Each structure stands twice: as structure tokens, then as C-alpha cells.
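This report concerns only the one structure given below.
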Amino acid sequence: QLGAMAMLLGLLLALLGCTAALDPALEEAWEGWKSLHAKEYPGEAEAARREVWEKNLRRIQQHNLEESQGQHAFRLAMNHYGDLTDEEFNQLLNGFTPMWQEEPALLFQPSVALKTPAQVDWRAKGYVTPVKNQGHCGSCWAFSATGALEGLVFNRTGKLVVLSEQNLIDCSRKLGNNGCHGGYMTRAFQYVHDNGGLNSEHIYPYMATDTSSCRYDPRDRAANCSAISLVAQGSEAALEQAVAAVGPVSVAVDASSFYFHFYKSGIFSSMFCSQRVNHGMLAVGYGMSQEHGRNVSYWILKN
């Protein structure tokens, strides 16, 4: 944690030391963005943060201009992370810790008779809770895990229950998860399995911090996990089968690019995608769309 703080401080000092001229024409937009997202900065830090914001805004505008000319299939938009550099965003929010150990006995095995449909969207079937906000906490792994469990609970009971990420953050450290500083979905599932349950968000609300002790209440067991299956690493065919057969599935992606940070709409694609995954998400469906006269396959991911 101290190392992360030192790195952020170093980035901020570097920004303070080389602030470029700011664009007066963006003054009103900057003040509006600060007000919308309740942003306040001490002293000279505001100029440094505004410089980052202006740079991000120009990149967003350039991308959207290219999208309007048919060069891209997705649009970007400014959001509340607009004052962060790519490095800061990845450090603060991409909290998935890679730890792949492919054990054949644990791999998902679809039914031989399973024919995957051309498209699946579990949102339309009631399996998916509303989008949540992890805040400035690298707890994506916990949100990914609760999303998968929420779908399984709905499949079993017909009730959509919002589950507690904070329960996972506070209570799965003994399995190697590190709260707001990264974790792994399999370890979250293992905690629920070993613990015999997981609380609901209503009983154990999200705080976006990792400084609390475990407060699991067995009287409010909103979900359980009887077994854990892995999807073969890098196999989209296997993932498609799992999503079609089981419901929403926890996945990890490379979310390190600028375009991912400011994605707004459309079918996202990036030349900067790698196999170095750093962000937990939830696959809730898939399909195919016509884009510029060609068929484009896509995944529906909850972030």
C-alpha cells in the first residue's frame, strides 16, 4: 500500500513540475465536470489534474471524430476518471491478480447434447443486477464474483438478490485476496464455499475500503457455492458454452488501454489488447451484429 501511495505521489509531483498551458475555452466545461463529480484539489494540484483532463478530453474527441468517419465501431465519453492518467487508472482500479492454474478436473464440461444458441443475453432473463460502482478501490474481482453468484441464485430460486462485495473484501484475505489492492475470483468463490455462505448487500453494504474486519452474519446467508468450475483459458468457444449453459460467468480482461477507460457505447475492440489480464468483469451474454457491412461477434460484459 505504501508503495502504491509513493508511486501516485511521484506521478503527481511529475505532473506538477511540467504543467502545460491550459485551454481557456475549456474553463466552463472543466468547472462543470468538477461540479458533476464533486472534485476538489489542493493548491497547485488542480492545474496538474486539469492538464490530464484536457489531454484525455482531446483524445476522446479525436476518437469520436474518427468513429463518425467509420474508423471505429464504438464511442468514448468523459467520465469521473477523467483526471487520471492511464497509469493511475490501472493502479487504482484494475485489481485482478493473475493466478492461473488450469486443473483439468475443475474445467467446465458442457453437455454433449448442448447446442449453443446464436445469441444469449441473461439481462433479459432477469439474471443480472444493476450496474454497481467499485469506487476508488481495486475490488473488481469481488464484483465479478458476486455477479456470477447472483445469476446462480436467481437460477435456483427465481429471486434476484444483490450480494455483498464488502463481505468478500473483508473476509477472503486468508485465501490470498488483498482487498482494494487486488484479488482473484476463484479465491472469492473458495471463501464462499469454505465459509458456507455470503451475505447480501443490504446486510453487509459496500464501503469501497479494505480496513474493516470480517463481519459475516450466518443468519443472512443469501448465497452459497457448492463447487467451482474453470473455463479453459483463452477459449472463446468454451466460454460461449459456459455462458449459454450456466448463466453469467466471471471473466478477466486486459483493461489497461485508454479506450477501455472511457468506453461509452458500441462494440469495443482494441489493437492494444494483450493476454496480460488485469480486470475482473462478468460475461452476461454474446451475439453478432452487422457493422459496416460485415458480421461482428461480440460479448456482453458487465463492468
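Just so you know, glycine gets a Cβ as well, placed from its N, Cα and C.
Among the features that TrEMBL reports, signal peptide is placed at 1-21.
Taken from TrEMBL, the feature domain 'Cathepsin propeptide inhibitor' covers 30-89.
In this model, the domain 'Peptidase C1A papain C-terminal' (116-300) carries an average pLDDT of 95. Positions annotated as domain 'Peptidase C1A papain C-terminal' by TrEMBL: 116-300.
Assigned with DSSP, the residues of the domain 'Cathepsin propeptide inhibitor' (30-89) fall into helix, strand and coil as follows: 35 helix, 3 strand, 22 coil.
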